[in-house]
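Presented below is the structure to which this report refers.
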Amino acid sequence: MGQLSQVVLDGIVLGGFYALVAQGLSLVFGVMGVLNLAHGECVLIGAYLAWTAQHYLGVDPLIALPVIMALGFGFGWVLCRTLVIRVVERPPLMSLLLTFGIGAVAQGVLLKLFSSTPRVTTTGYSADVVSIFGLTIPTPRAFMLLGAVVILVLTWALLNRTRVGRSIQAAAQNKAAARVVGIDIAAVYAIAFGIGIALVFAGGTLLGSAQGFYPFLGPLLTMKAFAIVVLGGVGRMTGTVLAAMVVGLIETLLASYVPSVGTGLGIAAAFILVVVVLVVRPNGISGGKQVTAGV
Amino acid sequence: MSSGTPTVSTPGAPPPQKAAQRLSAAPVRALAASRLADPRLRAGLFAAGLAALLVTPLFGLNNSALLLFSTVFMWIGLTSSWNIISGFTGYVDFGHGVFFGIGGYTAGLLVTHLEMPFWYTVPFAPVFGFVFALVVGYPLLRLRGVYFSIAMLGAFMAMRELALVFRDFTGGSGGIIFEAVIDRTLFYYVFLGVAVIVVLGTVWLRRSQLGSSMLAVRENEIGAEARGINTTMVKLTAFCVAGSITALIGSLWAYQTAFIDPAIMFRDVLLINLALMVTLGGLGTVWGPALGATVFILLRETLWETEGEDFLVFFGVALIVVVLTLPKGIAGSLADRVHLARARRAGKEESR
Amino acid sequence: MPISEPEAEVRRDEPGQRPLLEVRGLRAGYRGVDILHGVDLTVGQGEIVCVVGPNGSGKSTVFKALYGLIDVREGSVLLDGEDITDYGPQRLLTTGIALVPQQPAIFPSMTVHENIELGMYLERDRGKIRGRVAEVFDLFPKLAARRSQQAGTLSGGERRALEIGRSLMLRPRLVLMDEPSVGLSPVLVREVFEQLRELRDAAGLTFLMIEQNAKSGLELSDRGYVIERGRVTYSGAGSELLGDDEVRRTFLGVGKDD
Ligand SMILES: Nc1ncnc2c1ncn2[C@@H]1O[C@H](COP(=O)(O)OP(=O)(O)OP(=O)(O)O)[C@@H](O)[C@H]1O
Ligand SMILES: [Mg+2]
């Protein structure tokens with residue numbers, strides 16, 4: 001029993017990170033209809049930024065976090081204005097190929113700059129643990145959960161309580177109507193993409209001090225984020241968070257109870273879950289936009 | 001004029017001299033392209049090219065040239081089969097490499113566990129590819145375009161994980177070693193045969209009822225369904241055919257390489273290569289995939305030795321540039337020219 | 001016969017009424033093709049003007065070009081003398097033109113109230129927005145009753161009312177309406193049209209609308225235009241167009257029915 005609750009806690013911590021990453025994907029996908037295949041690579045760029053800040057400048061990742069998020073917003077904004085905007089209203093294949101290409105470039109550049117050796121952002125508290133109710137979490141993981149929760153709450157507030165958020169939601173629901181009421185769609189796209197990348201840069205920053213990362217991790221993260229978005233239903237923030245928790249829990253449960261195969265089966269488990277959910281509930285566990293062809 | 005009657009003005013016909021202007025401006029290149037559209041000429045070119053390729057090895061090509069050719073043929077087979085699901089039905093399969101891996105592992109596992117001679121295993125690869133396509137395709141092809149694409153990417157990564165994790169069965173990351181066959185000429189002809197069959201099959205498919213149904217699914221799935229096309233059947237057929245061909249190629253490639261492991265049979269680069277070649281050549285066209293594969297492999301072989309970081313950056317950039325500047329690919333843009341030229345010729349006839 | 005003549009005629013008919021909207025030689029289209037080959041239109045202050053024509057003749061394209069959703073390739077658009085040819089939706093809204101498009105234009109997961117509020121997206125003063133929302137709800141009491149219902153669950157007629165109500169939020173001088181009656185039953189069509197007339201009479205609004213249902217559209221309107229293959233082919237007072245045999249036969253399908 002004691003062990004199970006520990007595993008559940010670990011799963012929730014992991015789920016918090018996944019929620020952050022998946023929310024970024026979901027936002028961009030929901031608003032622009034662009035599935036960003038470079039998403040995982042963007043998480044890694046965030047992680048490497050934090051690692052660089054710590055390694056060369058001695059700045060703690062938590063202090064660098066706001067700056068890295070701002071960089072993420074800028075990066076996403078520029079990426080959208082220069083490249084992604086050209087494929088938004090074209091067949092989905094175009095945006096898949098484009099972001100796939102961006103991902104390949106990012107992976108190549110990360111490999112060149114940082115090699116394929118796994119890195120961890122080590123801080124003064126890397127080896128510390130926090131205990132609650134007799135359970136322990138490594139301090140960096142506690143920060144990961146805390147950071148994810150804070151950022152997600154702020155994101156929720158931004159999307160639901162501000163004028164910018166209102167315009168993003170309007171564009172997601174009906175682009176033609178949004179144009180008609182005077183919303184600048186291109187600007188909304190750039191902002192949404194910027195926010196999405198800021199979220200994953202934050203995710204990467206938090207992940208980087210909690211566990212090792214390397215350039216080839218990108219597609220894996222993209223896949224998991226996608227699985228979560230589908231599970232949770234596109235454009236449903238609560239659904240995304242819930243699904244992220246489910247995926248995090250499955251992963252830690254597998255890893256601790258079926259250790260021989262469990263650690264290597266993250267994607268396989270998530271994938272099977274996605275297939276099952278899609279067959280049973282085509283709109284994800286919490287409803288949301290329909291994902292099937294409708295025939 | 002009294003306000004009692006509404007005014008009438010007839011919509012004027014376009015001034016005739018404008019059409020004449022357009023005619024004289026028809027570019028020579030478009031006319032050349034339109035000549036290539038003549039089916040007899042194309043069949044002739046194809047036969048001549050094929051004959052040349054059949055006799056080429058007799059003139060003592062060295063091994064690396066043979067390997068280069070068979071690589072081109074292999075990719076023609078892969079791109080053309082990928083094109084059937086991704087180009088014709090519009091369900092872009094971003095995890096198509098899974099079939100390549102399944103083919104390789106079918107051969108590898110039958111050889112190691114049942115001690116079958118390799119050539120006996122060859123028919124099993126497409127069969128397993130077909131079955132996997134059926135089992136996975138049935139639920140996943142219900143998904144809308146983008147979702148299908150990335151769900152297949154998931155299937156691909158999941159199978160790689162399985163191949164790694166069940167190491168007692170698959171050899172895990174240690175892989176499987178075959179008895180090596182170094183007969184490059186043999187593989188030249190094997191892959192040439194596969195490429196020819198797939199390309200001719202595509203030509204046939206494009207003209208068949210089934211092919212038209214696939215295009216109908218791509219253009220408007222709900223409309224196709226309404227017109228009585230069994231879209232599920234059409235999509236599954238395309239997917240299973242593409243999957244089994246790719247599995248066959250995977251098994252042949254595994255044998256040629258004489259070694260398989262999850263990292264090479266299920267490699268990410270396969271996806272980027274497929275996507276780039278077909279986009280370059282023209283997704284959904286008949287000849288585009290073959291064209292793209294040829295151009296791409298020849299370019300790659302002359303420019304790059306390995307598929308390392310520089311390769312990733314270069315081809316990522318290439319993909320971005322192709323998507324932004326040549327979204328219809330070489331064949332697609334050529335076909336547009338042909339249509340334009342035809343329209344112009346038709347206009348000329350009409351104006352006489 | 002030059003089309004500008006009857007326009008001048010109309011203005012002479014009603015002296016003192018200057019045109020609010022003047023469209024001259026409008027040429028526009030999509031990727032490579034021209035759909036409109038020089039369209040001329042005028043709408044006088046306080047008028048209801050109706051555009052009719054067969055499917056695909058370019059009626060909606062006129063609106064898209066006016067509203068800056070597609071580029072104007074030639075010609076000019078003046079609103080009260082101001083050249084608005086190249087204005088985008090934002091500038092047009094602040095200049096006083098609103099559009100109710102042909103396609104559904106509600107935000108389905110937002111409430112009716114939130115939808116209405118978004119009609120004043122360009123206004124940042126929350127107090128002002130609140131006041132206008134109240135005004136619109138006064139005009140459309142049926143909407144007011146459903147203010148916290150999700151817009152996606154509204155009936156077809158309620159949606160149209162919502163779109164029209166929302167388009168009034170910025171107090172436009174001119175409302176462009178693309179087929180306000182689409183998908184509505186004859187009874188509801190009459191209801192919507194009566195509402196438009198009331199709005200015109202009460203608030204001095206000017207309407208330029210497109211109607212598939214040419215008969216009721218022209219009956220309601222002061223004047224009408226017929227657009228065919230990207231050109232204006234008939235124009236005149238609504239009742240005259242309705243009375244014209246050729247127009248009736250060709251565009252209203254009346255000859256067949258009665
Ligand atoms: N986005 C577009 N791209 C290309 N062609 C278009 C586009 N929108 C409309 N068209 C074409 O322009 C022509 C005019 O369309 P438009 O929507 O203006 O017709 P309409 O008169 O409003 O017809 P309806 O009464 O059916 O609404 C049609 O032939 C249509 O196919
Ligand atoms: Mg229309």
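Here the Cβ of each residue, glycine as well, is placed from N, Cα and C on the backbone.
TrEMBL annotations: computationally assigned, not manually curated.
Nonlocal intrachain contacts for the transmembrane segment (B:41-59), taken as residues 6+ away from its ends with a CB within less than 8 angstroms of a stretch CB, comprise 35, 66, 69, 185, 188-189, 192, 196. Positions annotated as transmembrane segment by TrEMBL: B:41-59 (among others).
Under the heading transmembrane segment, TrEMBL lists B:65-85 (among others). Outside the transmembrane segment (B:65-85) by six or more residues, the chain places 53, 56-57, 91-93, 96, 100, 184-185, 187-188, 190-192, 194-195, 198-199, 201-202, 205, 214, 235, 238-239, 241-243, 245-246, 249, 252-253, 256, 270, 273-274, 277-278, 281, 283-285, 288-290, 292-294, 296-298, 301 with a CB less than 8 A from a CB of the stretch.
Feature annotation from TrEMBL assigns transmembrane segment to B:92-112 (among others).
Residues or ranges marked as transmembrane segment in TrEMBL: B:118-138 (among others).
Here TrEMBL flags B:145-166 (among others) as transmembrane segment. Counting residues 6+ beyond its ends, the transmembrane segment (B:145-166) has Cβ neighbours under 8 Å at 90-98, 101-102, 105, 136, 172-173, 262-263, 265-266, 271 in the same chain.
Per TrEMBL, the feature transmembrane segment maps to B:186-205 (among others).
As annotated by TrEMBL, transmembrane segment applies to B:236-255 (among others).
Residues or ranges marked as transmembrane segment by TrEMBL: B:275-299 (among others). Residues 68, 71-72, 75-76, 78-80, 82-83, 86-88, 90, 94, 195, 199, 202-203, 206, 215, 218, 315, 318-319, 322-323, 326-335 of the same chain, all 6+ positions outside the transmembrane segment (B:275-299), place their C-beta atoms under 8 angstroms from a C-beta of that stretch.
As annotated by TrEMBL, transmembrane segment applies to B:311-330 (among others). The list of residues near the transmembrane segment (B:311-330) in space but at least 6 beyond its ends in sequence, with Cβ under 8 angstroms from a Cβ of it, reads 269, 272-273, 275-276, 278-283, 285, 288, 291-292, 295, 303-304, 336.
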Interface present between the transmembrane segment (B:186-205) and the transmembrane segment (B:118-138) (three or more C-beta pairs under 8 A): no
Folded-back contacts onto the transmembrane segment (B:186-205), same chain, C-beta under 8 angstroms, at least six residues removed: 50, 53-54, 57, 66-67, 69-71, 73-74, 76-77, 80-81, 83-84, 88, 211, 214, 245, 248-249, 252, 256, 286-287, 289-290
Same-chain residues at least 6 beyond the ends of the transmembrane segment (B:236-255) whose Cβ lies under 8 Å from its Cβ atoms: 74, 77-78, 81-82, 84-86, 88-89, 91, 93, 96, 99-108, 118, 121-122, 124-130, 132-134, 137-138, 141, 178, 181, 187, 190-191, 194, 198, 210, 214, 265
Outside the transmembrane segment (B:92-112), six or more residues from its ends: residues with CB under 8 Å to it: 78, 82, 85-86, 118, 120-122, 124-126, 128-129, 132-133, 145, 148-157, 159-160, 163, 169-171, 176, 178, 239, 242-244, 246-255, 260, 262, 265-268, 270-271, 274-275
